[in-house]
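Right, one structure below, let's go through it.
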Amino acid sequence: MAGPPALPPPETAAAATTAAAASSSAASPHYQEWILDTIDSLRSRKARPDLERICRMVRRRHGPEPERTRAELEKLIQQRAVLRVSYKGSISYRNAARVQPPRRGATPPAPPRVPRGGPAAPPPTPAPPPAPVAAPTRAPRAAAATAPPSPGPAQPGPRAQRAAPLAAPPPAPAAPPAAAPPAGPRRAPPPAVAAREPPAPPQQQQPPPPQPQPPPEGGAARAGGPARPVSLREVVRYLGGSGGASGRLTRGRVQGLLEEEAARGRLERTRLGALALPRGDRPGRAPPAASARAARSKRGGEERVFEKEEEDEDEDEEEEEEDNVSEGSEVPESDRPAGAQHHQINGERGPQSAKERVKEWSPCGPYQGQDEGRGPAPGSCTRQVFPMTAVNKEGGSACVGAAPDSPSPVPLPPGKPALPGADGTPFGCPPGRKEKPTDPVEWTVMDVVEYFTEAGFPEQATAFQEQEIDGKSLLLMQRTDVLTGLSIRLGPALKIYEHHIKVLQQGHFEDDDPDGLLG
């Protein structure tokens, strides 16, 4: 007859009880890995890792029931390997190792509990005491770094190990701030570096102040910088006038004043009929190539930087003519530096009364009519923007003998017809050549074709001929008509439209407000 079963020794029973308790309170390594991988996977897909999703995904991947997964998850939460987060009324779980570490000044995280063995728990004492005074402050963090991690939730350990090396080096060079938390010595150097760096930029910014120059003298434009628009009052003030105290300044008055100065010899006429300062009074020059590039780079009412001092050089003759004609026609006289006196003023070489000058509109050249540089009438200024630019693009001037078949007078906006001379031709133009009507309303289809050919659009001009567009039709064309009504590609059509509208706008604006285009 068998006796009662033998009881295990008391020591063995105690050890078994301790092991059972430890195994019940610690999560299984497999479950810990599965749960943490599931949380990371859900978060990488921007899915909220709540309890239901975690249990379902662990079951699908590895097979355990949701109850077991829930129990293992609770153990991981107790071990601080997983964090429970409540956000907007819903509870989700995060991998503690992937959560942002706490701020450096905050209290260090508690080291993970190690349930398996009592002897492995007391690592804070073996931490070697460093020589600096700041050792007590970092003792808990160093202890956390040296503590052996548990099988699963060892994540706080690496954070402490990352923080400890960052905080350890600073106390060696500076002993006084070592008593502060580790963040103190670490954050101190950047402000010091920042304090050393700011003085450098002010030294770099010191050179610009001596650069400003008086705008009326046109020094900035001569030096190659952007030209500042000049008002009529500045022009009159430079010439020694009253600055328009007697009434409103108009371009006609300023033009008359400039012509009087030219008659006195204070201003001189260039080869192309423009007014300029005597050569001895002009500021420094820019090279001819630079002036040509500057004149070409800006079009349509912008301030120009161009030079006329090199007009006597034969090799640059054609280039100078193009630049001067285009500048004289496109840019209002008030948009150029007054000191340089590069206002393309109407007139001829020699004294002439202001009333006679008002009547003259012809853009003829200096070789035959001495009037190439003549721009618009005093009250209208830049009325020949579009046509003169068109002539320039063809590489010649309106009445220069180099191109005998080029149509000379350039069309003007409606309502501003040129006053003919005694022989029926515009002033200054040589007779003997059939002239295109100066009023676009009177243009024929061939005049329109010729007009766009001179403007640099010979291929597109045929489209206007095919559609039989005369002057009246051209003036009535809208934007959509130019862009879609003709067999012209969009790019050239846009250029043609902008070219065309530029002239109309300037004509209307100057009729309403003579000073409307001043800078």
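The backbone N, Cα and C atoms fix where each Cβ goes, glycine too.
Owing to the predicted nature of the structure, the values given are computational and were not obtained by experimental measurement.
Taken straight from Swiss-Prot:
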- 12-29: compositional bias 'Low complexity' (COMPBIAS)
- 134-147: compositional bias 'Low complexity' (COMPBIAS)
- 157-166: compositional bias 'Low complexity' (COMPBIAS)
- 218-230: compositional bias 'Low complexity' (COMPBIAS)
- 23-99: domain 'SAMD1-like winged helix (WH)' (DOMAIN)
- 443-511: domain 'SAM' (DOMAIN)
- T107: phosphothreonine (MOD_RES)
- S150: phosphoserine (MOD_RES)
- S242: phosphoserine (MOD_RES)
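In the domain 'SAMD1-like winged helix (WH)' (23-99), the DSSP tally of helix, strand and coil residues is 47 helix, 12 strand, 18 coil. DSSP places the residues of the domain 'SAM' (443-511) in helix, strand and coil in these numbers: 53 helix, 0 strand, 16 coil. The average pLDDT the prediction assigns to the domain 'SAMD1-like winged helix (WH)' (23-99) is 88.
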